[in-house]
Amino acid sequence: MKRVYEPVQEGSYIKMIDMVKGEGGQLQVNNISGYLPGRIVFFLVNSHLAPRPILLTRHGESLHNVRGRVGGDTVLSEDGELYSKKLANFIEKRLKNEKTATIWTSTLQRTILTATPIVGFPKIQWRALDEINSGVCDGMTYEEIKKIMPEEYESRKKDKLRYRYPRGESYLDVIQRLEPVIIELERQRAPVVVISHQAVLRALYSYFADRPLREVPDMEMPLHTIIEIQMGVTGVEEKRYKLMD
Ligand code: G3H
């Protein structure tokens, strides 16, 4: 069968040779120019197929979650604190055979507090992992938004993906700001635990699970659940662990 192959030698091409191994892999780029091809090369240079897990979880339940309020920067509820301890236990067991791993959080205290009981791994705070910015609606309940700003409520209901909160963000904005996070996750060779927020994790998960854009804003992303994504040559496999009832 090998006899019918012909090596690509001319024109514009990107050759990827054995991208699984750390040092053995090679990327050959020939005659590539322009913004989009350049971005593709940048992405490919940073990605590889070495097997490693990515663990995604929302922060433990926050006081705003209990009150049904969006956004804000509140601390954890009692259940949220319990989850942070269970999560630390889970991570300790799950990653005990790994040489290195990192814990990524947003800059909001509910994710930082969720990561607090985890010891022995470096922690990195990413602004890009902060929850969708709900602008003028920050701190309100959905009922309050419906009553005080009915047009905003209706517009969001009609097109949740594109709707941008006044002085805030849309799901499309969130997806765009996640690009450096995704490149960095593709680049990592060691396990990463991402502790973030509902809207952000909907977008990140959809990328790895190859889900269509239109599904992102309504995807189920329950609290107190870990989604483990196994990256590697066989594609992406996932497991879910529900740590609390
Ligand atoms: O607090 C904000 C929520 O996590 C985002 O949820 O986009 O379904 O309103 P939503």
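The backbone N, Cα and C atoms fix where each Cβ goes, glycine too.
Note: TrEMBL annotation is automatic and uncurated.
Here TrEMBL flags 2-51 as domain '6-phosphofructo-2-kinase'.
Annotation note: Arg58 (substrate binding site) sits in a strand segment as assigned by DSSP. Counting only same-chain residues at least 6 apart in sequence, those with a Cβ under 8 Å from the Cβ of Arg58 (substrate binding site) are Ile195, Ser196, His197, Gln198, Leu201, Met221, Pro222, Leu223, His224, Thr225. Annotated substrate binding site per TrEMBL: Arg58, His59, Gly60, Glu61, Ser62, Leu63, His64, Asn65, Arg110, in sequence order.
Applying DSSP to the domain '6-phosphofructo-2-kinase' (2-51) sorts its residues as follows: 15 helix, 10 strand, 25 coil. Neighbour density for His64 (substrate binding site): within 10 A of its CB lie 19 other CB atoms from the protein chains shown.
Neighbour list (Ser62 (substrate binding site), Cβ cut-off 8 Å, at least 6 residues apart, same chain): Gly72, Thr74, Val75, Leu76, Ser77, Gly80, Arg110. For the binding site of substrate, formed by Arg58, His59, Gly60, Glu61, Ser62, Leu63, His64, Asn65, Arg110 according to the record, the largest Cα to Cα distance is 14 Å, rounded to a whole number. Less than 8 angstroms from the CB of Gly60 (substrate binding site) sit Leu76, Ser77, Asp79, Gly80, Glu81, Leu82, Tyr83, Ser84, Leu87, Arg110, Leu113, Thr114, Leu223, His224, each of them six or more residues away in the same chain. Following the DSSP three-state reduction, the secondary structure of His64 (substrate binding site) is helix.
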